[in-house]
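Before any comments, here is the structure.
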Amino acid sequence: MRRNGPLALIFHTIFVIVMVAPILVVCLVAFTPEGFLSLPTNGFSLRWFRTIANYPEFIHAFWVSLGLGALSSLVALLFAVPAALAIARYRFRGRDALAALFLSPLMIPHVVLGIAFLRFFTSAGLGGSFAALIIAHVIIVFPFALRLTLAAATGMDRTVEMAAVSLGAGGWTLFRRVTLPLILPGVISGWALAFIQSFDDLTMTVFLAAPGTETLPVRMFLYIQDNIDPLVTSVSACVIAITMTALILLDRFYGLDRVLAGKGDTGR
Amino acid sequence: MSAAAEERSARAPWALTAPALMLFVGVLLIPLAMTVMLSFHDWGQYKGIEPVFILKNWHEIATDPYYAEMFWRTFRIAILTTLLTALLGAPEAYILNRMSGRWKSFFLLVILGPLLISVVARTLGWALLFGGNNGLVNKLLMSLGAIRSPLPFMFTETGMVIALAHVMMPFMVLSVWAALQRLDPQIENAAMSLGAGPATIIRRIVMPQIMPGVLSGAIIVFSLSASAFATPAIIGGRRLKVAATLAYDEFLNTLNWPLGAAVATLLLVALVLIVVGSNALIERRYAEVFR
């Protein structure tokens, strides 16, 4: 009964091929030995990966993306962890409204956020600065950081905390020695998912980045606008490899299904 | 609980959420309000932005057919993308769900993994596959005999819909998958033991139960497609504009910020109304499923 028929399996095979094809073709073209876009039919070459070294703007953009992702996810957690604890533990007036506000960046189109932040930071005299990028990224990754922390805080065993309190722990000690270690898997996964979101964002960042603060997706996008050549495929292949590594770590550490389930219902 | 402790527990949630709340009011709500205000300001080639209150931009959007056509294109692409993801994603989720443990988690990873891979890289892949008249897609279709002459995919709405559907597909599969997890397999067995064939089971048992999943997936896909930027910009090029790429052009090329802000505000309001409205409809229609 619970078996797929041959038609279903053919459908499934085509579906998977189509899903993988664009990603695979980027990675394959990146290894071409030719000077133009082509599949590597005459052997593989690392030529275009070496060429990246001649484009310091890509390397700089990579470091900007890495720093931006790491920092903004960390800052987002500093705000999200206390908020998640409050939402998980207390029933108070305005709780649902607050939760909706904190998740709202998922519903607002990133192009609108980009415009709003561009207007805001330009009037504040921070246009194009790294600080502006950090603040903007904190807002867009906040829902992801909040959600995974919230899931950990909701599922936490409160009796351990009560035991600690009965033994005289309180305030900061209670949080640092008992609560935080218990929710840490959720917090770290929240950080990782937030990092990936920040690392991949183009739509909002393209409004805010200036030469010098361009992130890797922005740099790639601006490059593709002018011409598509094997260089941008090798850069993309590197980005794909980095994301895959993060994915595998996330899967080992927390279970990818739980992470993706958190990402899935963005519209609600 | 003593009165003091009670008061402390009433204040605690606010103390814990205050930093995040201040952050959101300060750098989310205020910038959004500023954008709405910006859409009422005047702009001129030489004078720049003038902070007055006029309806010039809104009037331009309402009367110039260029904007009506652009918004219609945006929503047409979003609707077609949503239909394509629903028609292909829902059956795929169902097939996945019937696979055995290890294959199931492997293919789930293969299909959902792209969700976290850069949209620029994924769209670049489609640009390579479409690429000109001798792109791989055209070569394949011609060798299969499906078409005689190469079809244009780059810089067309067809190409945009295909690439967008690929980008959005994981959201649909995930949403239907979540609905399938709530489905009791014994019901299918019961239907079969009562003599229902596979087609009847799908139509009468499975479809009604996964419909909420398909619909909530459709809302996600629709709202993300209608505001998509990277894929329309790369596949559509400079001429085939949608709302997000038009707003980008007004802001960073023409520098007519008030007009760009009006386009963005309209997109935001339209999407919020559509999403909130259809969520309410679905929840009323399928109240029993969400309970």
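Cβ coordinates come from backbone N, Cα and C, glycine included.
For B:12-34, B:75-94, B:106-129, B:160-180, B:213-235, B:255-282, the entry in TrEMBL reads transmembrane segment. The domain 'ABC transmembrane type-1' feature in TrEMBL is assigned to B:71-278.
Below 8 A, the CB atoms of the transmembrane segment (B:106-129) and the transmembrane segment (B:213-235) form 3+ pairs separated by six or more positions in the chain. Contact between the transmembrane segment (B:75-94) and the transmembrane segment (B:255-282) does not hold: fewer than three of their C-beta pairs are under 8 Å, each pair 6 or more apart in sequence.
Listed stretches B:12-34, B:160-180, B:255-282 were compared with the transmembrane segment (B:213-235); the greatest number of C-beta pairs under 8 angstroms is found for B:160-180.
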